[in-house]
Amino acid sequence: MKGYLILLYIQIAFGAFTIPLYPIHKTPEEKASFYKSLKTFKAGAGPTNVPLTYNYEYYGLVQIGTPPQNFQVVFDTGSSNLWVPSSSCYSVSCSLHHTYNHSKSSTYIPNGKKIGIGYEAGSVTGFLSKDTVTWGGIQIPGITFAEMTSFPGTYWSSKAFDGIMGMAWVAESEDKITPVYQSMYSLGLINADSFAMYLVPGNGIGSALTLGGYNTSCSKNDWNWIPLLNEGFWEIKIDSITVNGKAIQVTGMKAVIDSGTPHLVGDSTIVNQINAIIPTVASDCSNIGSLPNVVITLNGVNYTLTGQDYVVQLNSEGLTSCETGWTPENFPSSLRNVLILGDLFMHVYYTQFDYGGSRIGFATAI
């Protein structure tokens, strides 16, 4: 898999730090596999920008230890733990990625407690450690994270990223470990208890994660805010969904805003209704312009996705093909009313995740 290199930059804007993100591109087979596996600045610095890389998952640079060891991690708002492969892992997956060697870090503090994070493809397992994490140039001491030593099958070996940085709430964290961002804020290393993700479609160049606020150059309008249903996932109430003016009939619909999910994923009770109204997407992409709009109403505000927004264009060996991004899954009964609004939604709407206000904000992305 090939990512598009974006030079790391730090941009001070309204006291926030912006970090570039980078894309990871997947084949259709890899996408199918993905869904089966789902699950130094001064204290008080303002927003910082972190570049992101993209290919249906967005990742960026995090460093662990002293001197720092570099890792490319997915910034995932659908989970809460930080983990990277351990140098004590000898699987194929670990040999193909950067691994953390705690013996080379002067700030390492041993823990050793075993931890496992479950995926449908199997559990990723390892043990806990503590060290300094450097993120967007900010050094965050005493962060507890997982060194993973066992990876199931070959799924992880094909990934361009090394690990995952969870950015949901502590309630969803394995072993109730405080997520890195919340630790950074509680230590006074950033002023605002919020972050924003700007995800660019296509090649992903220009995508960025802003820590400690947002970047005004990424949106066309003011923020519309939606209160969270709980402080676990970034979960909000859906007022309604209409496709070409026809309402989707599901009681008590909820949305989880998840940067770790490339498409628009929901239980078949929701998504099959949507796909039944949308005409079949032509594999040669010829009917994108005639596809109906899908309107998702959140806290009284309509968020429109056009065919251009929800169709996935795949490029392979100079050929382009298209498929729908609406992906049905057979969720357990407790999740039958949940729709995961992943990167396809966030391409259109610049998203701010506000821990302090227990809310999510959307603004139309530029």
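Indices start at 1 and increase along the chain as displayed.
Backbone N, Cα and C define each Cβ position, glycine as well.
Any TrEMBL annotation is an automated prediction that lacks curation.
As given in TrEMBL:
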type: TRANSMEM; residues: 6-24; note: transmembrane segment
type: DOMAIN; residues: 58-363; note: domain 'Peptidase A1'
type: ACT_SITE; residues: ASP76; note: active site
type: DISULFID; residues: CYS89-CYS94; note: disulfide bond
type: ACT_SITE; residues: ASP258; note: active site
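The structure, with features from TrEMBL marked on it.
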{"residue": "ASP76", "record": "active site", "Cβ neighbours (10 Å)": "21"}
{"residue": "CYS89", "record": "disulfide bond", "Cβ neighbours (10 Å)": "20"}
{"residue": "CYS94", "record": "disulfide bond", "Cβ neighbours (10 Å)": "22"}
{"residue": "ASP258", "record": "active site", "Cβ neighbours (10 Å)": "23"}
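DSSP assigns ASP76 (active site) to a strand in the three-state reduction. Taking the C-alpha positions, the distance from CYS94 (disulfide bond) to ASP76 (active site) comes to 20 Å.
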